[in-house]
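Inspection log for the structure reproduced underneath, given as structure tokens.
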Amino acid sequence: MTKLVLIRHGQSVWNQQDLFTGWTDVELTEQGVAEAKAAGEKLLAAGYDFDACHTSVLKRAIKTLNLVLETMDRLWLPVQKDWRLNERHYGGLQGLNKTQTAAQHGKEQVHIWRRSYDIPPPPLPEGDERLPDGDRRYKGLSKEQLPRTESLKDCVARVLPYWHESIAPQIRAGQRVLISAHGNSLRGLVMYLSGLSEEEITGFEIPTGRPLVYELDDALKPTDRFFL
């Protein structure tokens, strides 16, 4: 049996301000830092250890991972950063207040954008400064690979190839893996590992800074799933 640990980043500044974040690179709050440290303490107290780590290229997930590893005295562990573990891209909603957006477009429409499986928010227009095209961390990616908006389905479609290419082979080789990422990219992994339906995964909540543990058999099928 192998244990895989997933952790959503600690509370971010835009989580606190109730803004759509997506690919916007925002900092952790003091609470978010405390959540990450507490996660490391829980993992350490429960006897967890790791051989390899994965995270996105967004600093709220990177810093959460670093804080967890620092608390566990494991900052030396190898870490792979990949854009495919980024949060779902929220398109034209990024930077907008969720309550104000609901007042403008209607609660039902915003709920569809946020919680439907295959309906994305409005895309960012060409030339918008929020587009990731000129960002160095995405150098080498084609314009087609970089989203202007994403549904959860789109997010899952980029997360799963990374799982199969980079994470699953490490687990099969006996490595203990920790993944620090985002609510929707982690939903993609949960949907795949647990075999959840589109309806089930859109309602599955992953709190900030709380480790989600999978116990996997030799075929990487889950035998248990629980929050620490």
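Even glycines carry a Cβ here, placed using N, Cα and C.
Here's what Swiss-Prot has on this protein:
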| type | residues | note |
| --- | --- | --- |
| ACT_SITE | HIS9 | active site, tele-phosphohistidine intermediate |
| ACT_SITE | GLU87 | active site, proton donor/acceptor |
| BINDING | 8-15, 21-22, ARG60, 87-90, LYS98, 114-115, 183-184 | substrate binding site |
| SITE | HIS182 | site 'Transition state stabilizer' |
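Shown here: features listed in Swiss-Prot, placed on the structure.
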residue	record	CB count, 10 Å
ARG8	substrate binding site	28
HIS9	active site, tele-phosphohistidine intermediate	30
GLN11	substrate binding site	22
TRP14	substrate binding site	20
GLY22	substrate binding site	25
GLU87	active site, proton donor/acceptor	26
ARG88	substrate binding site	29
LYS98	substrate binding site	15
HIS182	site 'Transition state stabilizer'	28
GLY183	substrate binding site	19
Query = In angstrom units, rounded to an integer, how far apart are the Cα atoms of GLN11 (substrate binding site) and HIS182 (site 'Transition state stabilizer')?
reply = 11
Ask   = GLU87 (active site, proton donor/acceptor): which of the recorded positions TRP14, GLY22, LYS98, HIS182, GLY183 have a C-alpha within 10 angstroms of it?
value = GLY22, HIS182, GLY183
Message = If you measure from the CA of HIS182 (site 'Transition state stabilizer') out to 10 Å, which binding-site residues from the list TRP14, ARG88, LYS98 are inside that radius?
response = ARG88
Query = Where does HIS182 (site 'Transition state stabilizer') sit by DSSP, helix, strand or coil?
reply = coil
Query = Between HIS9 (active site, tele-phosphohistidine intermediate) and GLY22 (substrate binding site), how far is it from one CA atom to the other, in Å?
reply = 13
